[in-house]
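Record features, source Swiss-Prot:
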DOMAIN    10-209  domain 'tr-type G'
REGION    19-26  region 'G1'
BINDING   19-26, 81-85, 136-139  GTP binding site
BINDING   Thr26  Mg(2+) binding site
REGION    60-64  region 'G2'
REGION    81-84  region 'G3'
REGION    136-139  region 'G4'
Amino acid sequence: MAKEKFQRTKPHVNIGTIGHVDHGKTTLTAAITGVLAQKGLSEMKDYDNIDNAPEEKERGITINTSHVEYETENRHYAHVDCPGHADYVKNMITGAAQMDGAILVVAATDGPMPQTREHILLSRQVGVPAIVVFLNKMDMVDDEELLELVEMEVRELLSEYEFDGDNAPVVAGSALKALEEVKAGQLGEWSEKILELMAAVDEYIPTPERDTEKDFLMPIEDVFSISGRGTVVTGRIERGTLHLNDDVDIVGFKPTVTTKVTGIEMFRKEMDEAQAGDNVGVLLRGIKKDEVERGQVLAKPGSITPHTKFEAEVYALTKEEGGRHKPFFNGYRPQFYIRTTDVTGSVILPEGVEMVMPGDNVKLTVELIAPIALEEGTRFAIREGGRTVGAGVVTKIIE
């Protein structure tokens, strides 16, 4: 029989495992693939395979991340797991692996630990919509009361960071025991817990809105003028869909201007529409070449506004990662590389924070010298003389 062509009929969701070091994130990832593999919905990935995460570069920053794929009856998942805590911080801040939801792994033997809190905070800061909890290492706990206590602590922690601590699903099990069942080819009570966890993920983590359905946005990379036709801007559509004759805003640096799209071109062909991911040239009515520049964006009218001041969660690269050798202080003035351009800005550190050392992550305030199209969740790099020294994500617009 001919091999079936891969058909994406199920909705696709990106998730990841988060939690304190050694609480069993990678073991759980292996257990999920193993249990689902027995159900014919995944390929088994063993622990070492996942733990030896390949290096990736995102915005000039090296991150170790493992990606596995699997399916449930209802959905197709891409799952990310990071070996080290610093990799999580970098991953979440750069958005290297966007998460539509997360599985928080907490060892029932330990309860919430410092990185448990930090990963929940980061998830809040970078806009992860929902968290499902897996209480791991249940085979080592025989005290029912202790379990209830740990569950209560985790729920309180979720609520503290504005997740739905009261209603978040909490599943207790043992990733290691489930893996042992998988290896023995005998799915038993521990594997059932993994299936219960995945049923909770299926139900509780919302299906993300597809990029093509979001409000149109395209960062401008280049500007040309075509004699007799007008001005063309080029770039890759970040989200949404653009149609011929749509109105668009040109946002950034100068007061926002609205204009009409009189042509869309891709691979030298005229098109009626283009969507997220496409590299296109867009012809704009009545716009002169010097009225538009790299670093501005084309956007659905009214959907995004220019700002100069915002709060951000930032990771400062270590010296080994090519970052600064020394800390930076209040009033630090680097370039902020936002979408397609560098803009100078100054840094205001929170009260009580004297300086930021290479390798730290910190919440700070940025004031740019020129207004740029920004919103919560916009990612940026921090650069000095073209060299990346940090990464950040906008967490709150101030003005």
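Count begins at 1; order follows the chain as displayed.
Cβ from N, Cα, C; glycine included.
This view paints the features noted in Swiss-Prot onto the structure.
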{"residue": "Gly19", "record": "GTP binding site", "contacts (Cβ under 8 Å, 6+ apart)": "Lys25, Leu104, Val105, Val106, Gln115, Thr116, His119"}
{"residue": "Asp22", "record": "GTP binding site", "contacts (Cβ under 8 Å, 6+ apart)": "Ala107"}
{"residue": "Cys82", "record": "GTP binding site", "contacts (Cβ under 8 Å, 6+ apart)": "Gly16, Ala53, Ile63, Asn64, Thr65, Ser66, Tyr88, Asn91"}
{"residue": "His85", "record": "GTP binding site", "contacts (Cβ under 8 Å, 6+ apart)": "Val21, Gln115, Glu118"}
{"residue": "Met138", "record": "GTP binding site", "contacts (Cβ under 8 Å, 6+ apart)": "Ala108, Leu147, Ala172, Gly173, Ser174, Lys177, Lys193"}
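DSSP assigns Asp22 (GTP binding site) to coil in the three-state reduction, outside any helix or strand. Within 10 Å of the C-beta atom of Lys25 (GTP binding site) sit 27 other C-beta atoms, taking all shown protein chains into account. When averaged over the region 'G1' (19-26), pLDDT in the model lands at 91. Residues of the region 'G3' (81-84) grouped by DSSP class, helix first, strand second and coil last, total 0 helix, 1 strand, 3 coil. The number of other Cβ atoms within 10 Å of the Cβ belonging to Thr26 (Mg(2+) binding site), over all protein chains shown, comes to 23. Secondary structure of the region 'G4' (136-139) per DSSP (helix as H, G, I; strand as E, B; remaining residues coil): 2 helix, 1 strand, 1 coil.
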